[in-house]
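Participant: Residues or ranges marked as disulfide bond in TrEMBL: Cys3-Cys30. Summarising the annotation, TrEMBL assigns domain 'CUB' to 3-118. Positions annotated as domain 'LCCL' by TrEMBL: 120-216. The domain 'F5/8 type C' annotation in TrEMBL covers 223-380. According to TrEMBL, the transmembrane segment annotation covers 445-470.
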Amino acid sequence: DGCGHTVLGSESGTLASINYPRTSPNSTVCEWEIRVKPGQRVQLRFGDFDIDDSDSCHSSYLRVHNGIGPNRTEIGKYCGFGFQMDGLITSKSNEVTVQFMSGIHTSGRGFLAAYSTTDKSDLITCLENASHFSEPEFNKYCPAGCVIPFADISGTIPHGYRDSSSLCMAGVHAGVVSNTLGGQINVVISKGIPYYEGSLANNVTSKVGPLSTSLFTFKTSGCYGTLGMESGVIPDSQITSSSILEWPNQTGQVNVWKPENARLKRVGPPWAALISDEHQWLQIDLNKEKKITGIITTGSTLAEYYYYVSAYRILYSDDAQKWTVYREPGMDRDKIFQGNTELYQEVRNNFIPPIIARFFRINPLKWHQKIAMKVELLGCQFSIGRAPKITLPPPPPPRNKNDEKNADFIDDIIHSVKTSLQTDKTTFTPEIKNTTVTPSVTKDVALAAVLVPVLVMVFTTLILVLVCAWHWRNRKKKTEGTYDLPYWDRAGWWKGMKQFLPTKSAEHEEAPVRYSSSEISHLRPREVPTMLQTESAEYAQPLVGGMVGTLHQRSTFKPEEGKEGSYADLDPYNSPIQEVYHAYAEPLPITGPEYATPIIMDMSSHPSTPLGVPSISTFKAAGNQAPPLVGTCSKLLSRTDSASSAQALYDIPKGQLGPGSADQLLYQVPQSLAHSTGSKDE
C-alpha cells in the first residue's frame, strides 16, 4: 500500500512513493518490478529523495535489486533527508526490482525516480525544468508517465512555456512526446514574455503564468498545420455524419445542425447528432491519404446551447469500409481522448505516432446534454511512400512432408514481412513544427551570409568614391589651364575675360598713354595728331583691325559698385571740370540713338591729314545731315551721369584733327546734340 504515481513502460517509466511530495504514511511497503527489452539494461535516476534516516536505514529505506524474484541481488540500500544522488544506478540485466519501506517517521517527502534503457544516456526525470540547464539549446530524454498531478506548467504552443514549467510535462502538452511512451525532446531557451496563456491539451492543463526572464519551446521538423476544416479546403460534401439534429425554433423556422457546420471557429451553430448515444460519429474525407498528427475540438460555442463532447474515440480507414480504432503502441485497449470541459475552450489532442489515412471518424463517448462539436484536423501531406506489397505465387498443393514444411516456411516469411511493415507504420516518430524556434546551429552561417555582401558593398562604394574624387580632381586641373581663372574676381570680370581674347599682333601693339588736358593744350596744332597717332588712347578698343592684348591692359568700363578700386585710374585726364567728370566710359543709354561701331585706323603708317581736310568721323549722325564740328583739345567735354538725360557726351576717338583751328581737336557729335553743344561752347 506504499505505491504512489506509477507508469511502467517497455523503454522508460516513472515511479514515486505514496502521497509524494507530501509525507508518506507510516508502515507502508511498495515493490516495483521493471522489465525492458531483452538485451537491454536498466538505468535509474532519482529526481527527489527525502526518506527518514533516524534509525540508519533500518525501518525506512529504498532498496534496488538486480533481477526479479528470489534470485535477485541487491545493488544498494538508500535513505536520508535531502539525499543527493547525481549519478545513475545501472543494472546488470533487463530486470530490476525497486523496494520502498516506510517505517515510523514524522517527516520526509519520500522519493520520485525515472528509469529507461541504457541507450538513453540523457535521461531526465519529470521534475526537471528549464532553469536547471544553462545551455541555450539541449536534447533530453523524457521518461513515460510525466503527467503528474504535483507538477505545474504555464504557456502553450507556439508562444512557449514559462521557464519554471516541467520540461517533460510541457513536452506532453505540446504533443512532442507521449505520456505513455516518453521520448526525446529538443529544447530551445529564449527571452521570456509578460504573459503566458493557459490551455488544455493531451490531458494536461496549462495554467496562466506571469512574466518570467526566459521561456522554452520545442524544436521539431514535423508537420503541425491545419488540414482544411476551418479554411474550407475540405468541401462540405466530404463532411458527413451518422445523424443530423433538426428542430424548429420559437418563430417556426427549422434549424438544421448539419455536419458541414462542424468547422472550427465558424460562426453559427455546430454539428449535432439527432440521437445522443455512443453510436454517433462525424466523418471527414481528406480526399487522399494524409499524415494526421492532432485534432482540436470545441463545443457548440452558443451560450444558449450548452452542448459539448467530453470524451471520444478516433477511427480511421483507407476505403471508408474497414475501420481501425486508434491505440497507442504496446497497448491492448482503445485510446480514449479527453474532450471539452465547456462549450468555448479549444482542446487539442495529438496522435503519437501519427495517423496515416484518408477517412477520419470521431466517435463521441461522453457528452454534456447533447452531442455537438466543431473540429479541426492537424497534420500535413503524406509524402513517404509505402513499402510495396510482396506478392508470391500460391504454392502448389503439398505432396510430401518436405513440401508442407516449405509452405509453412513461406507463410512465416510473409507473416514476418507484414508484421515488420505494420510495425514500421505504427511506430513512426511524430514531428511537430514549431515556427517560434530559430535553429541556433546555423547562426554562424547566417551571420556570414549577411556580413559578406555588406562588406563587399562597403568596399565597392569606397572604391567608387575614390575613383570619382580622383577623376574630379584631374578634371579640375585640366580646366584650370592657362586661360582659366581659378579664383574669379567678380569686381574686374571684364578684365578677367580679356585673357580669353586673342593677343594682338606685335606690329599693332600699342603702349597705353596717360595725358591730361593741360598737356594737350601746350602742344602745337601739328603735334597733337602725331601724339594721338603714336600712342593708344585710354579707351576700350573696338574689335576691328586689332584685339585687346594682355590681361594687364586697362579697361575703360566701370566695374560693379563696391568692388575693388585698383582698376580705376586716379584722375587720368586731370580734367578741370572734376565735378562732372567720370573716370570710366559709361555705356550708351537705352533711350539714346543707335550708332555704328567706331572704326579704328592705324594712323602710324599714313601721313597726317592737313588741317583743312575734314577728318573721318567714327560716329554716325542722325539722318543724312553732316554733323557740325565742335570741340577743342584744351577742353574735354563731359557727359551727364544720368541715363535719362538727352545730353550724352562721347569720348575722343583716335584720328586726326578736323579743319579749323590748330588748337582744336575735332570729333563728330550726334545730330541730336549738335545745337546744345554749340550753345555751350559759345
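Cβ atoms here come from the backbone N, Cα and C positions, even for glycine.
TrEMBL does not curate its annotations; it predicts them automatically.
From a predicted model like this one, the values you see are computed outputs, not experimental measurements.
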Participant: List, by number or range, the same-chain residues at least 6 past the transmembrane segment (445-470) whose CB is under 8 A from its CB atoms?
Facilitator: none
Participant: Of these disulfide-bonded residues, Cys3, Cys30, which scores lowest on Cβ atoms within 10 Å?
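Facilitator: If we count Cβ atoms within 10 Å for the disulfide-bonded residues Cys3, Cys30, the smallest count is at Cys3.
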Participant: Mean pLDDT, the domain 'LCCL' (120-216)?
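Facilitator: Summarising the domain 'LCCL' (120-216) by its mean pLDDT gives 93.
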